[in-house]
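J.: Encoded as structure tokens, here's the structure I'll be asking about.
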Amino acid sequence: AAMVKETIRVYARVKPLGRRQQAGSYSVDNEEPLPSLEITVPRDLADGFINNKRESYKFKFQKIFDQEAKQDVIFDSIAKPVAECVLAGYNGTIFAYGQTGSGKTFTITGGAERYSDRGIIPRTLSYIFDQLQKDSSKVYTTHVSYLEIYNECGYDLLDPRHEASRMEDLPKVTIMEDSDQNIHLKNLSLQQATNEEEALNLLFLGDTNRMIAETPMNQASSRSHCIFTIHISSKEPGSATIRRSKLHLVDLAGSERVAKTGIGGHLLTEAKYINLSLHYLEQVIIALAEKNRSHIPYRNSMMTSVLRDSLGGNCMTTMISTLAMDKRNIDESISTCRFAQRVALIKNEAVLNEEIDPRLMIVQLKKEIQDLKDELALVTGKQRTSELSQEELLQLDELIETFLKDNDPDSSLDVGADMRKIKYCFVHLKQIINRPMTLGKKLLSQDISEEKYSNEELEKLKGLLQQRDNEISLWTNNDDCCLKKISLIYLTDILVTMLKKEKKKAQDALSQLNASSASSTVLELSPSMSLEESQSPSRCSSLKEAKDFSSSLPRLPLLSRATGGKMSLGCQEAFEVFKRDHADSITIEDNKQLLKQRFDEAKCLGEKLNEVRNKINHLKGKIIQRQIQRAALAVSNPSEELTFDPVEENLRMQIEEEKKSYKTVYSHFKGLKVEIEHLQLLMEKVKIKLQKDFEVWWSEKAKKLQ
């Protein structure tokens, strides 16, 4: 398999400054070969920080994206090359690392406001399905999974059976390791996605589950790692080789060092775990960067176990460092950059993931066996079955018996060039040797001398065997069947000689056998194999329309949890007031306006499409009419040759033009449809967030009143 060796690619992205933030001082130099980012620590911060002599730090990156960089540029520069490799059969990983609020989720998933704010995951899904549609040479299947790791526990965000209202309700995912040290995630569902729409619906389902599972105490999104994985397998029709690749898109927990003071017990354990899991990630990276380290501590945390291949393994890996460059966060940004410099030293070896599908292999081999059987039937003139018939077996038994009774040293046992018969004879003779007592009386009626082998005789027998071996090896150049026949004849020869020598032993044993057989019981071994039923990846029902989807989102009694039971009148009024002043309401209103606009546009385009379709049909009708007229003319006037018809040609040209415009309008229409679906899902998301914020606010107010 082809192998690509390269270090992990490391990029930096600077988050735009907020309104009230003071700008930190930094400069970006995007000159090749290695762009650099220089951060200057302001004098007033330098005191008592890191070491107060140094005031400027320089870090090298593959590329640095400054505050004004747009989402599409980020996708084209960072994610697209990785997606291309994944389509070609390599594994890929993109992970975002940085402190909370530095733009990780925005970069990986995207913002909830505008369609143009879509992040790497939705754009990658779009790109991948687009490419798969264009490539008809292979059959592709795609699945997605979405895993959240929080306090060293894994949770499946795509579980279709659960309507989660707390993170604990989600299915727990555990890690299993097989004998080849491959990691398997138990309980993580793989959902099939046949197109972009289904995949996006799954992404939104996961995001919503993640959002709902955040308790008011813990805004888990900043404290948990999330891994969205796209699994692609492809094969060419008729081939047994399958290519499997996966793309992990990872949103890590915030990397800030959580202050230990003044934090409640719950947060303390959480802070410990987050710092630990990122600390282990750091340890793995330090170990990988050291030249002669043999042990890499992958097993220390769930996160590093899952990303084992991505770090120093079979994977094309890319890291995005997200940086908040305001004065207050300069020190965190510097530690993020330092981490990135270490990551940039790691070398990965990505291998093309190809394997043979055993089921297809079996089908091919069965076909080959059948072909060979047919060929054999042609040569021998007999149809072969895998089993010998009852008649043939009886015939063989007779042959063997006759052969054993025959005193002539030159007699032979000839069963023809049939491996099944030869095998049967060997087995049968073996049985006779192993229990000579039962057949002793019948077969060995002749007188046989009772002496044991003398050494001389043994030597003689060995010599005889050697001689036969030599004779056989002379024959080996000859036909295979011949060889088998001869070896069978010689073997039976030797066996008979031994049988004759063993008569005394046989008779002694016979009397003992009769005594013991009465008491012996037959043991039957029943192979009890419990087959663990491997569950096939549960398919998520394809949620066809975004509208159906939004209604199928887990609508939880979010508010009732805070108030216990139904929402009281006062609570409802408060919710209305809260909604009015909340920033998200403005987003919802804006989106409503935008949606209305897009719906109108789509309606207009739909009408246009119908119009063009009707035009095309009308033109087709005209062509048919014209052809009928000309055919009639030819019948009534056979002497005239049918020549090229400019009118028909003109009509055809018009149809071509209309088809072109139909295609343009349709692709525009399709784009609108995706955008409308996206907007609807975004609105749904914002609404849930609004309810959650109210819930937090209401419970706080209630507490104060109490």
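Cβ coordinates are placed from backbone N, Cα and C, and glycine is handled just like the others.
According to TrEMBL, the domain 'Kinesin motor' annotation covers 7-346. TrEMBL lists G98, Q99, T100, G101, S102, G103, K104, T105 with the feature ATP binding site.
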J.: On the 0 to 100 pLDDT scale, where does the domain 'Kinesin motor' (7-346) sit on average?
T.: 84
J.: Using other CB atoms within 10 angstroms as the count, which residue among the binding-site residues G98, G101, G103 scores least?
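T.: Least crowded of the binding-site residues G98, G101, G103, by Cβ count within 10 Å, is G101.
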J.: Which residues, sitting 6 or more apart from S102 (ATP binding site) on the same chain, put a CB under 8 Å from its CB?
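T.: Set apart from S102 (ATP binding site) by at least 6 residues yet with Cβ under 8 Å, we have K15, G254, T322, L323, A324, N329, E332, S333, T336.
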J.: Counting across all protein chains present, how many other Cβ atoms fall within 10 Å of the Cβ of T105 (ATP binding site)?
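T.: The answer is 19.
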J.: Can you tell which of the binding-site residues (Q99, T100) has the fewest other C-beta atoms within 10 angstroms of its C-beta?
T.: T100
J.: Count the Cβ atoms, other than its own, that fall within 10 Å of the Cβ of K104 (ATP binding site), considering every protein chain shown.
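T.: The Cβ of K104 (ATP binding site) has 29 Cβ neighbours within 10 Å.
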